[in-house]
Amino acid sequence: MRVSAFALLAAAATAAATSVQGAAEGFAKGVTGGGSATPVYPTTTDELVSYLGDDEARVIVLTKTFDFRGTEGTTTAKGCSPWGTASGCQLAINKDGWCDNYQPDAPQTTITYDTAGMLGITVKSNKSLIGQGTAGVIKGKGIRIVNGAKNVIVQNIAITDINPQYVWGGDAITLNDVDMVWIDHVTTARIARQHIVLGTNACNRVTISNNYFNGVSDYSATCDGYHYWGLYLDGSNDMVTLQGNYIHHFSGRSPKVGGNTLLHAVNNYWYDSTGHAFEIAAGSSVLAEGNVFQNINAPVESSSLAGNLFTSPDSNTNKVCSSYLGHTCQLNAFGSSGSFNQADEGFLVNFKGKNVASADAYSAAQSVPNNAGQGKL
């Protein structure tokens, strides 16, 4: 019996749509998610929530848009305008008294927001959440991998439109008290606050790769259409690989690194920022190599720099990496961008013996905008 080439291609496409593609590099190397579990295909928001939150190992395939807006009604509450009252300025929800305690002089206002966006969908251990082509979208609500969850893969989905006008209106991806998590080929856009946040509890081993963090928005804390709240990595014992991501159109916190985070930022592409990319707090450590910074006003916020930073500044200095990472660190590249030149070496020993992502020359990162995000597997 002869099998047509079309049939073989169709079978391959189906297999690709129902299983994780590739494997995590870096700190989350070895993560398996739902493994070989029989794929399930939720059709309603309730089914999606149920599959993600149960105790079974699962491969969950999204074949449509799951729009959570309106599913939990709206909330009208007190808010404030700490960044101005122009039409492009984000407003702030008075969550946990934030306006009262931190912005008492800001103009007060009343806000009506979509309740579903405030708290993401809980994702438990041993899950693979994957999208089919470009069809898998979660709109109006993020995801939360928290409370001891382990061995989770999120790949090839989009998370969008979470109360974009209102700070404290919800985050796209939240990790807190987890281990072995891989976030890959995800697109995030029009988010209230953080596109991805690692909370103050230990998130341990995490790889964030090939994602498109899209900061274009009608509303921002800087009132200029550039989202400020990008990536916030603040765990107490975190090792994070940030690899091959397209980080576009942010005015700050892309990423903010704090807690006791060890971050390996490799072969990413930052493009178009009116503010800063890295913000590095005391106790955290960042190694950046093989990245491209194009039209980035400040690759690092120097006024607040209190942690460790190795920027792979020149070929001679970069040789020190080989003893700890197994390779000589790669130079970064800059176009119409600010200064990024620091060589703290003492923390590099923390990479020794760990799963460290490979690093290509910065020329490889030039292709990142075409390969990052949903539908680019």
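Placed from the backbone N, Cα and C atoms, the Cβ positions cover glycine too.
Feature annotation from Swiss-Prot assigns signal peptide to 1-17.
The disulfide bond feature in Swiss-Prot is assigned to Cys80-Cys99 (among others). According to DSSP, Cys80 (disulfide bond) sits within a strand segment.
Mapped onto three states, the DSSP output places Cys223 (disulfide bond) in coil. Of all Cβ atoms in the shown protein chains, 17 besides its own fall within 10 Å of the Cβ of Cys223 (disulfide bond). Positions annotated as disulfide bond by Swiss-Prot, on the basis of similarity to another entry: Cys89-Cys223 (among others).
Around Asn126 (N-linked glycosylation site), the same-chain residues six or more apart in sequence whose CB sits under 8 Å from its CB are Thr32, Gly33, Gly34, Gly35, Glu56, Ala57, Arg58, Lys150, Asn151, Val152, listed in sequence order. The secondary structure of Asn126 (N-linked glycosylation site), as reduced to three states from DSSP, is coil rather than helix or strand. The feature N-linked glycosylation site is assigned by Swiss-Prot to Asn126.
Its own atom aside, the Cβ of Arg253 (active site) has 26 Cβ atoms within 10 angstroms in the protein chains shown. According to Swiss-Prot, the feature active site maps to Arg253, an assignment based on sequence analysis.
In the three-state DSSP classification, Cys321 (disulfide bond) falls within a helix. Long-range C-beta contacts of Cys321 (disulfide bond), restricted to its own chain and to partners at least six residues apart, with a cutoff below 8 Å, comprise Leu287, Glu289, Phe310, Ser312, His327, Thr328, Cys329, Leu348. What Swiss-Prot records for Cys321-Cys329 (among others) is disulfide bond, and it gives similarity to another entry as the kind of evidence.
Residue with the densest Cβ environment among the disulfide-bonded residues Cys80, Cys89, Cys99: Cys99, by other Cβ atoms within 10 Å. Around the Cβ of Cys329 (disulfide bond), 27 further Cβ atoms fall within 10 Å across all displayed protein chains. Between the CA atoms of Cys80 (disulfide bond) and Arg253 (active site) there is a gap of 22 Å. A gap of 15 Å separates the Cα atoms of Cys223 (disulfide bond) and Arg253 (active site). Separation of the C-alpha atoms of Cys99 (disulfide bond) and Arg253 (active site): 21 Å, rounded to the nearest whole number. Distance between Cα atoms for Arg253 (active site) and Cys89 (disulfide bond): 17 Å, as a whole number. In the three-state DSSP assignment, the secondary structure recorded for Cys99 (disulfide bond) is helix.
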